[in-house]
Amino acid sequence: MGKPKKFNRTSLPRKQQVRIRKDVNNYVAADDDELSKQLFGTSLNLSEESGSSGESEPEHSSFDDSPGTISAAFPVAMWDVEQCDPKRCTGRKLARHNLVKLLRLGQRFGGLVLTPVGELCVSPKDRLTLIDHGAAVVDCSWAKLEETPFGRMKAGYPRLLPYLVAANPVNYGKPCKLSCVEALAAVFYICGFKDLAQSYLSKFKWGKTFITLNFELLEKYSSSSSSEEILRIQNEYLAEAEEEKLHRG
């Protein structure tokens, strides 16, 4: 697949530029607890409404059923706690096309699992674990986080995602409010499976925008050596965003 163009905010319509700047500024201004929540949220289906999915949109307008999908050579799975409409969930769509396996509550997954109970960010150091054991996400609503039985989702290697910007239509431009397919694609990309990340995203008509928006960060994350270095890259990026905000006055 061709190399995505580096994201340039000025190439976007003015309204989208303003929205992204505003959300980045809100993120860097958050206190430690809120920062932790947003980091945790990158592995979840973030919904502001308790009865709907934060990644919802009409199915016929979002899924690209074109051929040419690259299949993962390792397990890709998801726990679905049924807090959103299955017809509108990106994870469910992937499952219907045999790109994600649905897990039962109580079922153990021995690979990388994006979950709030993780303590480390996923990094290229996790590549061998991904190859040997795969990756899984939790599809739930942020509004129902306290109701989500994370204790019944046994993870071999719990992980968090670093700062990234959502491209899904509902949360476009918002920091960390990723859909399931975006979260999985981020794991693949950071661990060196860039073509696989683009393949999963290509099943959604808006999917390639995720890499376009995050290209600079994803490249830096995928070139890092550890979770600690990824956090340093993330914090430097956020510090620069804060400095830009102060300069704008």
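Each residue, glycine too, has its Cβ placed from N, Cα and C.
Because TrEMBL annotations are produced automatically, they should be read as predictions rather than curated entries.
Feature annotation from TrEMBL assigns region 'Disordered' to 45-66.
What TrEMBL records for 75-108 is domain 'RNase L inhibitor RLI-like possible metal-binding'.
Feature annotation from TrEMBL assigns S-adenosyl-L-methionine binding site to Thr90, Val138, Leu161. All protein chains considered, the CB of Leu161 (S-adenosyl-L-methionine binding site) has 25 other CB atoms within 10 Å.
For 112-238, the entry in TrEMBL reads domain '16S/18S rRNA aminocarboxypropyltransferase Tsr3 C-terminal'. Sorting the domain '16S/18S rRNA aminocarboxypropyltransferase Tsr3 C-terminal' (112-238) by DSSP state (H, G, I as helix; E, B as strand; all else coil) yields 66 helix, 20 strand, 41 coil.
Per-residue confidence over the domain '16S/18S rRNA aminocarboxypropyltransferase Tsr3 C-terminal' (112-238) averages out at a pLDDT of 91. Ranking the binding-site residues Thr90, Val138 by how many Cβ atoms sit within 10 Å of each one's Cβ puts Thr90 at the top. Among the residues the record lists as binding S-adenosyl-L-methionine, namely Thr90, Val138, Leu161, the two farthest apart have Cα atoms separated by 18 Å.
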